[in-house]
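Annotation comment: TrEMBL describes 99-214 as domain 'Phosphatidic acid phosphatase type 2/haloperoxidase'. Here TrEMBL flags 16-40, 60-92, 99-121, 141-160, 172-193, 199-220 as transmembrane segment.
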Amino acid sequence: MFEIFLFRVVSPRKNLFGFLAFLILSLLVFSFLDLSLLALNRSLLLENVEITSKIQSITLPYLTGLMVFVSFFGEVTIAGFSVFLLAVWLLWKGYTREILYIPAVLAAPAFTFLSKNIFAIPRPTEYLVNIYQPVSGYSFPSGHVLFYTVFFGFTAFLGISLPSLQKLWRFILLSISVPMILFIGFSRIYLGAHWPSDVFGAYFIGFALLEFLLLVYLKLTYLPQMRNKQNKTNYNGKN
């Protein structure tokens, strides 16, 4: 289905889609930089406190435990194991070329480390909001959100695009990845680990990194594979 969309919809309009991809990437990067400056100047403190207070005022059974569970997969050892598990799964299913892109996911924590030390923005304190999960280090951008966006975003894309993948596996990959991306931002704010500006900044730059990764993957690996497959089909049909 995805390859049909690429060849029938995108390929005939590649200039248009190329422009849209560039525009989206530029907007994401610009939004991140703009938000970075606002956060650096402490211009969003009142808004951050207000939004956090509203989110933390939500009282539902087991909500705190659920938010801790969502954030659990962003811990260093668990995140590393998740990346390893995806690589093993790809190898098991025979998608060896896709494994080459797994190390690119490490761009997320590397970028997080650099950004946190450059901006040096303090995390929320118990004097301003509730802290359900104490965390050390600087705050902007959220490392959990950035990692989830890139890693689970790439995993979700594989669930959509991998050729000859069973529907059950597509469902499993998407049903795990999409909720993780959606809920991790809420989780980090609710637990008092990050400000909303940290979360939005991480989403902006995370989706920018993800888009760049997907564009490289499509151009260098996915499209050449699909063209070779199409050429073989046409050749066999003629014979």
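Counting begins at 1 with the first residue displayed.
A Cβ is built for glycine as well, from the same backbone N, Cα and C atoms used for every other residue.
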Feature contact check the transmembrane segment (199-220) with the transmembrane segment (60-92), CB under 8 Å, 3 or more pairs: no
Cβ-based contact of the transmembrane segment (99-121) with the transmembrane segment (199-220), 3 or more pairs under 8 Å: yes
Maximum Cβ pairs under 8 Å to the transmembrane segment (199-220) - stretch from the list 16-40, 141-160, 172-193: 141-160
Residue distribution over DSSP helix, strand and coil in the domain 'Phosphatidic acid phosphatase type 2/haloperoxidase' (99-214): 81 helix, 0 strand, 35 coil
Tertiary contacts of the transmembrane segment (141-160) (same chain, 6+ residues out, Cβ under 8 Å): 2, 32, 71, 73-74, 79, 82-83, 86, 90, 95, 98, 101, 105, 107-109, 111-113, 115-116, 169-174, 176-178, 180-181, 184-185, 187-188, 193-194, 198-199, 201-203, 205-207, 209-210, 213-214
